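**Q** If you scroll down you'll find the structure; I have some questions about it.
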Amino acid sequence: MALPEDDNTVRESINLQDMQLDEKQLKKKVPGFLSVRYGLAIIIHFCLFVTTSQNLSLSIAIVAMVNSTGQSNLTNISRKGQPDVNPDAGVPVYDWSPEIQGIILSSITYGQIITLTPSGYFAGVLGARKIFMIGLFISSVLSFLIPLAAAQGMVYIILTRAAQGMAQGMEFGASPSFWVKWAPPLERSRISSITSSGTILGIFTVLLVGGFICQSLGWPYIFYIFGGIGCVCCVIWFSLVYDDPINHPYISESEKEYITFSLAGENSSPSWSLPINAMIRSLPLWAIIITGFCRFWLVTNLTISLPLLINIMFDFDIRNNGILSALPSVAAWICITLGSQMADFLLSKKILSLVVVRKLFTVLGMLLPSVFITAVPYVSSITAVTLLMLSMGISCLCYSGFMINSLDIAPRYTSFLMGLGGVFTMIPGILSPTVTGYLINQDSVSGWKNVFLLSAAINLAGMIIYVIFGRADIQDWAKEKRLTRF
């Protein structure tokens, strides 16, 4: 005989109150940033830094890989994409057209789309440790092989980059599942932001030093360096990272109890089955997905626009352009760090409810950038670049808003949902450059104005949808169905 649902609810409420008291007592005994859970966040941070660096290395290196400044000095360039040697740098250069370059650069995105959602699903059921490590190892090995693949021909480098994208999709899809079992609810914004900021560090590092490496050592070394760092991270990962605190050999008993008690009231046990129909009908879930699409439309345009505008306005070379283009990553890192600290502070002090915190940081991270980029066509060049940099930084406040919301509404399906959402956020990366190119080709002056206005409008639409339909309570379809029998 099953207990009535109301009785179960009362018992769960009583148990939750008891656990909250125990959690407060346990937390006093557990170190903060010196704890294993924060150490895990830092390790994943650096692994995502390496992955992002490997991802973007080709975007920097391709400037040196293609036959441009040295073209007049080269002879017998193969029209089939085979290399010749730049006599000044002693490295191969290729006669790739802009269309071929675009295909090569985008191939990694298609690879990520293939594996993001499946890896999130399997990580949620089987654990993320092995899936993430396999992806990191394959991506690092393939990074070493990119110069060789380029020398073999265009098809080989496209296939290598696509395979590398599939490996990186395994990492990005698997990483969110760690925090289902490792992150206490009142620390989720902070811990997940430490992890996610690894991608910001990767962008900053590649933009800052990538051009220097290519000019000083030769473009193959950017792949060798970040591939080698990735292999080192694999060793650290295998030694120190575990799927949950219960099985970690180095965690203290007090920290293990604290994490276990803080997560005891959540339905986070893995399941092979997925409530697909309920997910399709879930407005809070669609609010997260649509808002992610809209935000990344803006972010994609900012990423494309800033280097182009810097080049047009200031006529910098690749190294100086890269340094200036890296500055928004500093603003992004500051915003993501301060935003997560503030979000967890507001929650721990019970100043605002969870849903209000998620919506507040989403509004700040989407409204302000929309206002800034709308003003770009009407201000001076220096002010325009400053506004674009601020927009890229402030948009990262969303990491404490809707971008972590899947962990609130469906903890047991978090990795799958974030992988699914990741696929939708990649669609703007495919569509947005095409739309931007079309608008600019119509008229270079009004084209940029229309690009910014369209991006702001799409961004604001996503913000409004999330404010209306966003939720922070665990959805019914994400709860584990259990009957108590006697």
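Glycine is no exception: its Cβ is also placed from the backbone N, Cα and C atoms.
The following feature annotations were taken from TrEMBL:
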TRANSMEM  38-66  transmembrane segment
DOMAIN    56-474  domain 'Major facilitator superfamily (MFS) profile'
TRANSMEM  131-159  transmembrane segment
TRANSMEM  191-213  transmembrane segment
TRANSMEM  219-242  transmembrane segment
TRANSMEM  285-310  transmembrane segment
TRANSMEM  330-348  transmembrane segment
TRANSMEM  360-379  transmembrane segment
TRANSMEM  385-404  transmembrane segment
TRANSMEM  416-440  transmembrane segment
TRANSMEM  452-472  transmembrane segment
**Q** Are there at least 3 C-beta pairs under 8 angstroms linking the transmembrane segment (360-379) and the transmembrane segment (330-348), leaving out pairs fewer than 6 apart in sequence?
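**A** These two stretches do touch.
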**Q** Select the range from 38-66, 131-159, 360-379, 452-472 that forms the most Cβ-Cβ pairs under 8 Å with the transmembrane segment (191-213).
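**A** By the under-8 Å Cβ criterion, the transmembrane segment (191-213) pairs most with 38-66.
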**Q** Could you give the residue numbers and ranges of same-chain residues that sit at least 6 residues beyond the transmembrane segment (452-472) on either side and whose C-beta is under 8 angstroms from one of its C-beta atoms?
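**A** Beyond its ends, the transmembrane segment (452-472) has Cβ neighbours at 283-284, 286-288, 290-295, 297-298, 301-302, 305, 353-355, 357-359, 362-363, 366-367, 369-371, 373-374, 376-377, 401-402, 405, 408-409, 435, 439.
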**Q** Take the transmembrane segment (385-404) and find every residue of the same chain, 6 or more past its ends, with a Cβ under 8 Å from one of its Cβ atoms.
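**A** Distant Cβ neighbours of the transmembrane segment (385-404) are 188-189, 192-193, 196, 200, 287-288, 291-292, 295, 298-299, 302-303, 305-306, 309-310, 313, 324, 327-336, 339-340, 342-343, 357-366, 368-369, 372-373, 375-376, 379, 466, 470.
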**Q** Any chance you could find the range in 131-159, 360-379, 416-440 with the most Cβ pairs under 8 Å to the transmembrane segment (219-242)?
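**A** Maximum Cβ contact count belongs to 131-159.
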**Q** Taking residues 6+ outside the transmembrane segment (131-159), which of them lie with a CB under 8 Å of any CB in it?
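**A** Distant contacts of the transmembrane segment (131-159): 44, 47, 50-51, 54, 57-58, 65, 80-83, 92, 94, 96, 100, 103-104, 107, 115, 119, 122-123, 167-171, 173-175, 219-220, 223-224, 226-231, 233-234, 237-238, 241.
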